[in-house]
Amino acid sequence: MCGRTSCHLPRDVLTRACAYQDRRGQQRLPEWRDPDKYCPSYNKSPQSNSPVLLSRLHFEKDADSSERIIAPMRWGLVPSWFKESDPSKLQFNTTNCRSDTVMEKRSFKVPLGKGRRCVVLADGFYEWQRCQGTNQRQPYFIYFPQIKTEKSGSIGAADSPENWEKVWDNWRLLTMAGIFDCWEPPEGGDVLYSYTIITVDSCKGLSDIHHRMPAILDGEEAVSKWLDFGEVSTQEALKLIHPTENITFHAVSSVVNNSRNNTPECLAPVDLVVKKELRASGSSQRMLQWLATKSPKKEDSKTPQKEESDVPQWSSQFLQKSPLPTKRGTAGLLEQWLKREKEEEPVAKRPYSQ
């Protein structure tokens with residue numbers, strides 16, 4: 001299953017991370033719908049708003065179905081046929097949707113039949129492993145392996161469409177297959193857009209943590225086909241729904257257990273052997289500053305906005321091809337950052353908020 005995610009990037013940086021090619025091969029950035037509803041967070045839970053990609057054709061009848069929109073949507077699908085005036089009164093859980101029953105349950109079959117497919121964006125997701133012989137559960141952060149590309153430059157250098165994709169050399173966002181629906185309050189009011197994340201059996205690498213995982217769309221082709229309901233039928237799109245082994249993970253602190261905790265500490269690897277958090281060195285602090293390019297809260301007029309050109313970049317010496325995890329607790333790229341120069345620089349205090 002998938003019940004907690006992280007999506008901390010500020011809006012402009014998230015947009016650049018979603019650069020794509022349209023059907024004509026032109027580099028594009030997706031446009032936003034209801035951008036003010038997006039609230040970055042290291043610790044997103046159901047009923048919060050998360051950014052999703054969807055086809056522009058859902059909003060404009062004559063649009064090219066390969067063109068994309070980013071829209072914040074409520075996590076937890078509210079069916080269009082729901083009759084109550086309060087969506088929180090929905091009596092069943094729609095946070096996730098099992099792939100093996102998606103065409104059996106009305107809540108998911110109807111919007112899927114209308115082409116309401118979306119891609120849920122996240123840095124990664126959290127999952128909890130039940131510790132044998134105890135009631136305790138160990139949380140893990142799960143994400144795409146971060147691979148060094150041939151791209152160069154900085155985010156601030158993206159001064160033309162041709163450069164948008166070339167300069168994005170940062171964290172690869174996790175792209176999860178979702179279904180959305182549109183609910184209109186019986187008494188009138190704004191339409192509520194909400195989504196569910198499709199889940200599949202866990203891949204071998206995650207099976208020790210949990211028996212289910214999100215349906216991850218690995219690569220631009222898979223994302224394009226899932227979104228393009230104008231050209232790709234439901235039957236063809238469902239062939240994209242399957243487990244993937246192209247993931248990595250590391251153990252994190254129990255700080256993430258409380259969804260009100262919203263700091264980079266939620267993502268920081270912990271050492272399960274000594275049961276303590278890896279202390280943050282100067283290098284890891286710079287990494288955490290990148291994770292916190294902007295405080296994960298709604299825009300505050302009192303706080304000057306950081307210029308795009310000031311957003312730190314991943315150093316090429318750390319952006320190496322990450323091997324698939326061979327054992328539980330592999331921390332991958334984040335752990336390399338947190339461990340580097342541990343003994344060479346003064347220990348910095350870790351950010352924490354309750």
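Yeah, the Cβs are placed from backbone N, Cα and C, and that goes for glycine too.
Residue environment of C2 (active site, nucleophile) contains 25 other Cβ atoms, counted within 10 Å of its Cβ in all protein chains. Among the features that Swiss-Prot reports, active site, nucleophile is placed at C2, with the record citing experimental evidence.
E127 (active site) falls within a strand segment according to DSSP. Annotation comment: Swiss-Prot describes E127 as active site.
The compositional bias 'Basic and acidic residues' annotation in Swiss-Prot covers 296-309 (among others).
The compositional bias 'Basic and acidic residues' annotation in Swiss-Prot covers 337-348 (among others).
The thiazolidine linkage to a ring-opened DNA abasic site annotation in Swiss-Prot covers C2 and is backed by experimental evidence.
According to Swiss-Prot, the feature phosphoserine maps to S160 (among others).
According to Swiss-Prot, the phosphoserine annotation covers S295 (among others).
According to Swiss-Prot, the feature phosphoserine maps to S322 (among others).
Taken from Swiss-Prot, the feature motif 'PIP-box' covers 332-338. Restricting the average to the motif 'PIP-box' (332-338) gives a pLDDT of 47.
Here Swiss-Prot flags H210 as site 'Required to stabilize abasic sites'.
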> Whole-number Å distance between the CA of C2 (active site, nucleophile) and the CA of H210 (site 'Required to stabilize abasic sites')?
Replying inline: 10
>> What's the number of neighbouring CB atoms sitting within 10 A of the CB on H210 (site 'Required to stabilize abasic sites')?
In response: 17
>> Under DSSP, is C2 (active site, nucleophile) part of a helix or a strand, or is it coil?
In response: coil
